[in-house]
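Chemist: What follows is a single structure, and I will ask about it in a moment.
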Amino acid sequence: ILPTWLGLPPSPILSLSAALRALLVTALLFLGPLAIELGNGNARPWVLSIFGELKTLIGVRNYVVGPLSEEFVFRACMVPLMQLAGFGKVAIVLGLPMFFGIAHLHHMIEYYNLGGRTSEALRRAVLVSALQFGYTTVFGWYSTFLFLRTGHLAAPLVSHMFCNVMGFPDFSVLQAGAKDRTVNLARFVIGVLLFATLLGPLTDPALFQSAYHGFDA
(Lines of atoms letter the chains of each structure in order from A and count residues from 1; the text may use other names and numbers.)
(Lines give C-alpha, C1' and ligand atoms only; values in the text may rest on other atoms or scores of the structure.)
Protein backbone atom coordinates (compact mmCIF):
# COMPACT_ATOMS: atom_id res chain seq x y z
CA ILE A 1 0.00 0.00 0.00
CA LEU A 2 2.79 2.45 0.91
CA PRO A 3 4.47 2.38 -2.54
CA THR A 4 1.10 3.16 -4.12
CA TRP A 5 0.65 6.24 -1.93
CA LEU A 6 4.18 7.28 -2.86
CA GLY A 7 3.23 7.20 -6.52
CA LEU A 8 5.00 3.89 -7.14
CA PRO A 9 2.13 1.47 -7.84
CA PRO A 10 2.97 -2.04 -9.13
CA SER A 11 1.97 -1.24 -12.71
CA PRO A 12 4.86 -0.21 -14.97
CA ILE A 13 2.55 0.04 -17.98
CA LEU A 14 0.31 2.58 -16.25
CA SER A 15 3.35 4.46 -14.94
CA LEU A 16 4.75 4.64 -18.47
CA SER A 17 1.39 5.85 -19.75
CA ALA A 18 1.23 8.54 -17.06
CA ALA A 19 4.78 9.64 -17.87
CA LEU A 20 4.19 9.85 -21.63
CA ARG A 21 0.90 11.69 -21.25
CA ALA A 22 2.42 14.16 -18.81
CA LEU A 23 5.40 14.67 -21.11
CA LEU A 24 3.10 15.31 -24.08
CA VAL A 25 0.93 17.86 -22.32
CA THR A 26 3.99 19.62 -20.87
CA ALA A 27 5.66 19.72 -24.29
CA LEU A 28 2.53 21.37 -25.69
CA LEU A 29 2.98 24.20 -23.20
CA PHE A 30 6.50 24.64 -24.60
CA LEU A 31 5.40 24.39 -28.24
CA GLY A 32 6.71 27.86 -29.04
CA PRO A 33 10.19 27.42 -27.53
CA LEU A 34 10.43 23.87 -28.93
CA ALA A 35 9.60 25.05 -32.44
CA ILE A 36 12.31 27.70 -32.19
CA GLU A 37 14.93 25.27 -30.83
CA LEU A 38 14.15 22.54 -33.35
CA GLY A 39 13.62 24.80 -36.35
CA ASN A 40 16.12 26.13 -38.86
CA GLY A 41 18.31 23.02 -38.67
CA ASN A 42 19.04 23.44 -34.96
CA ALA A 43 17.50 20.13 -33.86
CA ARG A 44 20.62 17.95 -34.00
CA PRO A 45 23.01 20.43 -32.31
CA TRP A 46 20.42 21.13 -29.60
CA VAL A 47 19.84 17.44 -28.82
CA LEU A 48 23.58 16.73 -28.88
CA SER A 49 24.20 19.61 -26.46
CA ILE A 50 21.72 18.09 -24.00
CA PHE A 51 23.40 14.68 -24.17
CA GLY A 52 26.73 16.45 -23.77
CA GLU A 53 25.55 18.07 -20.55
CA LEU A 54 24.40 14.68 -19.25
CA LYS A 55 28.04 13.59 -19.38
CA THR A 56 28.89 16.17 -16.72
CA LEU A 57 28.13 16.08 -13.01
CA ILE A 58 26.27 19.38 -13.23
CA GLY A 59 24.13 18.03 -16.07
CA VAL A 60 23.31 14.86 -14.13
CA ARG A 61 22.41 16.99 -11.11
CA ASN A 62 20.20 19.36 -13.10
CA TYR A 63 18.40 16.83 -15.29
CA VAL A 64 18.33 13.63 -13.22
CA VAL A 65 19.28 13.80 -9.54
CA GLY A 66 17.63 17.16 -8.84
CA PRO A 67 14.22 16.33 -10.34
CA LEU A 68 14.23 12.81 -8.87
CA SER A 69 15.06 13.90 -5.33
CA GLU A 70 12.76 16.93 -5.38
CA GLU A 71 9.77 15.08 -6.79
CA PHE A 72 10.22 12.21 -4.33
CA VAL A 73 10.35 14.57 -1.35
CA PHE A 74 7.80 17.21 -2.35
CA ARG A 75 5.33 14.99 -4.16
CA ALA A 76 5.74 11.33 -3.16
CA CYS A 77 6.40 12.01 0.53
CA MET A 78 4.68 15.29 1.35
CA VAL A 79 1.44 14.93 -0.62
CA PRO A 80 0.23 11.81 1.24
CA LEU A 81 1.34 13.31 4.57
CA MET A 82 -0.72 16.44 3.94
CA GLN A 83 -3.69 14.37 2.83
CA LEU A 84 -3.54 12.19 5.93
CA ALA A 85 -3.25 15.36 8.04
CA GLY A 86 -6.63 16.42 6.71
CA PHE A 87 -5.66 19.04 4.14
CA GLY A 88 -7.93 19.34 1.10
CA LYS A 89 -6.80 19.12 -2.50
CA VAL A 90 -6.76 22.91 -3.01
CA ALA A 91 -4.55 23.44 0.05
CA ILE A 92 -2.20 20.68 -1.11
CA VAL A 93 -1.94 21.87 -4.71
CA LEU A 94 -1.49 25.55 -3.83
CA GLY A 95 0.18 25.35 -0.42
CA LEU A 96 2.70 22.54 -0.67
CA PRO A 97 4.63 24.05 -3.62
CA MET A 98 5.47 27.06 -1.45
CA PHE A 99 7.94 24.80 0.35
CA PHE A 100 9.24 23.70 -3.05
CA GLY A 101 9.83 27.33 -3.99
CA ILE A 102 11.47 28.14 -0.66
CA ALA A 103 13.82 25.18 -1.13
CA HIS A 104 15.38 27.03 -4.08
CA LEU A 105 16.07 30.30 -2.23
CA HIS A 106 19.51 29.10 -1.13
CA HIS A 107 20.68 29.97 -4.65
CA MET A 108 20.58 33.61 -3.52
CA ILE A 109 23.84 33.06 -1.65
CA GLU A 110 25.41 31.51 -4.74
CA TYR A 111 24.36 34.46 -6.93
CA TYR A 112 25.60 36.94 -4.32
CA ASN A 113 29.01 35.30 -4.08
CA LEU A 114 29.38 34.98 -7.85
CA GLY A 115 28.48 38.65 -8.23
CA GLY A 116 31.35 39.74 -6.02
CA ARG A 117 29.46 40.22 -2.75
CA THR A 118 28.65 43.85 -3.57
CA SER A 119 25.42 45.77 -2.96
CA GLU A 120 24.60 45.45 -6.65
CA ALA A 121 25.27 41.70 -6.48
CA LEU A 122 22.89 41.48 -3.51
CA ARG A 123 20.18 43.38 -5.39
CA ARG A 124 20.52 41.12 -8.41
CA ALA A 125 20.59 38.01 -6.22
CA VAL A 126 17.34 39.05 -4.52
CA LEU A 127 15.62 39.80 -7.85
CA VAL A 128 16.75 36.57 -9.50
CA SER A 129 15.82 34.51 -6.44
CA ALA A 130 12.39 36.15 -6.26
CA LEU A 131 11.78 35.28 -9.91
CA GLN A 132 13.04 31.75 -9.32
CA PHE A 133 10.79 31.38 -6.27
CA GLY A 134 7.85 32.48 -8.40
CA TYR A 135 8.28 30.07 -11.28
CA THR A 136 9.35 27.12 -9.12
CA THR A 137 6.19 27.63 -7.05
CA VAL A 138 4.06 27.76 -10.19
CA PHE A 139 5.73 24.61 -11.48
CA GLY A 140 5.10 23.03 -8.07
CA TRP A 141 1.38 23.68 -8.51
CA TYR A 142 1.47 21.92 -11.84
CA SER A 143 3.62 19.04 -10.60
CA THR A 144 1.40 18.45 -7.56
CA PHE A 145 -1.65 18.56 -9.83
CA LEU A 146 -0.10 15.85 -12.05
CA PHE A 147 0.73 13.69 -9.04
CA LEU A 148 -2.78 13.86 -7.62
CA ARG A 149 -4.39 13.35 -11.01
CA THR A 150 -2.35 10.32 -12.07
CA GLY A 151 -1.13 8.86 -8.77
CA HIS A 152 2.17 8.06 -10.47
CA LEU A 153 5.44 9.76 -9.51
CA ALA A 154 6.63 9.23 -13.08
CA ALA A 155 4.26 11.92 -14.35
CA PRO A 156 5.64 14.93 -12.44
CA LEU A 157 9.16 13.48 -12.65
CA VAL A 158 9.40 13.47 -16.45
CA SER A 159 7.70 16.87 -16.58
CA HIS A 160 10.27 18.25 -14.15
CA MET A 161 13.14 16.80 -16.18
CA PHE A 162 11.71 18.22 -19.40
CA CYS A 163 11.20 21.67 -17.88
CA ASN A 164 14.78 21.69 -16.61
CA VAL A 165 16.01 20.84 -20.10
CA MET A 166 13.90 23.61 -21.66
CA GLY A 167 14.66 26.24 -19.04
CA PHE A 168 12.68 29.46 -18.69
CA PRO A 169 11.11 30.43 -22.04
CA ASP A 170 12.80 33.21 -23.99
CA PHE A 171 10.02 35.74 -24.42
CA SER A 172 12.31 38.20 -26.20
CA VAL A 173 11.31 36.52 -29.48
CA LEU A 174 7.84 38.01 -28.96
CA GLN A 175 9.02 41.60 -28.64
CA ALA A 176 8.12 44.15 -31.29
CA GLY A 177 10.60 44.02 -34.15
CA ALA A 178 11.86 40.52 -33.31
CA LYS A 179 12.46 38.18 -36.25
CA ASP A 180 9.46 35.95 -37.07
CA ARG A 181 7.54 37.55 -34.21
CA THR A 182 4.10 36.78 -35.63
CA VAL A 183 4.92 33.13 -36.31
CA ASN A 184 6.48 32.67 -32.89
CA LEU A 185 3.53 34.37 -31.19
CA ALA A 186 1.16 31.99 -32.98
CA ARG A 187 3.23 29.01 -31.82
CA PHE A 188 3.15 30.18 -28.21
CA VAL A 189 -0.60 30.82 -28.28
CA ILE A 190 -1.43 27.51 -30.00
CA GLY A 191 0.72 25.65 -27.47
CA VAL A 192 -1.03 27.26 -24.51
CA LEU A 193 -4.47 26.58 -26.00
CA LEU A 194 -3.64 22.91 -26.70
CA PHE A 195 -2.22 22.56 -23.18
CA ALA A 196 -5.36 24.02 -21.61
CA THR A 197 -7.61 21.84 -23.79
CA LEU A 198 -5.82 18.52 -23.32
CA LEU A 199 -4.54 18.77 -19.73
CA GLY A 200 -7.76 17.39 -18.26
CA PRO A 201 -8.39 14.51 -20.70
CA LEU A 202 -4.75 13.37 -20.79
CA THR A 203 -4.52 13.23 -16.98
CA ASP A 204 -7.95 11.74 -16.27
CA PRO A 205 -7.56 9.86 -12.92
CA ALA A 206 -9.76 7.03 -14.20
CA LEU A 207 -7.00 6.07 -16.65
CA PHE A 208 -4.34 5.32 -14.05
CA GLN A 209 -5.92 3.42 -11.13
CA SER A 210 -4.66 6.23 -8.92
CA ALA A 211 -4.64 5.87 -5.14
CA TYR A 212 -5.86 9.47 -5.14
CA HIS A 213 -8.84 8.80 -7.41
CA GLY A 214 -11.75 10.54 -5.72
CA PHE A 215 -9.33 12.99 -4.14
CA ASP A 216 -7.92 14.21 -7.44
CA ALA A 217 -7.11 17.82 -8.25
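Using the three backbone atoms N, Cα and C, a Cβ is placed for every residue, glycine included.
Just lifted these from TrEMBL, have a look:
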DOMAIN    56-166  domain 'CAAX prenyl protease 2/Lysostaphin resistance protein A-like'
TRANSMEM  12-34  transmembrane segment
TRANSMEM  84-105  transmembrane segment
TRANSMEM  126-147  transmembrane segment
TRANSMEM  153-173  transmembrane segment
TRANSMEM  185-203  transmembrane segment
Chemist: What is the number of residues in the domain 'CAAX prenyl protease 2/Lysostaphin resistance protein A-like' (56-166) that are helix, strand and coil, as DSSP sees it?
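Modeler: The domain 'CAAX prenyl protease 2/Lysostaphin resistance protein A-like' (56-166) comes out at 95 helix, 0 strand, 16 coil.
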Chemist: Give me the mean pLDDT over the domain 'CAAX prenyl protease 2/Lysostaphin resistance protein A-like' (56-166), rounded to a whole number.
Modeler: 92
Chemist: What residues in the same chain, six or more past the boundaries of the transmembrane segment (12-34), come closer than 8 Å to it by Cβ-Cβ distance?
Modeler: 146, 150-159, 162-163, 166, 169-170, 173, 184, 187-188, 190-192, 194-195, 198-199, 202-203, 207-209
Chemist: Other than its close neighbours in sequence, what residues sit by the transmembrane segment (153-173), given a CB gap under 8 Å and a spacing of at least six beyond its ends?
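Modeler: Cβ under 8 Å, 6 or more out: 6-8, 15-16, 18-23, 26-27, 30, 32-34, 36, 50, 62-64, 66-68, 70-72, 75-76, 135, 139, 142-144, 146-147, 179-181, 184, 203.
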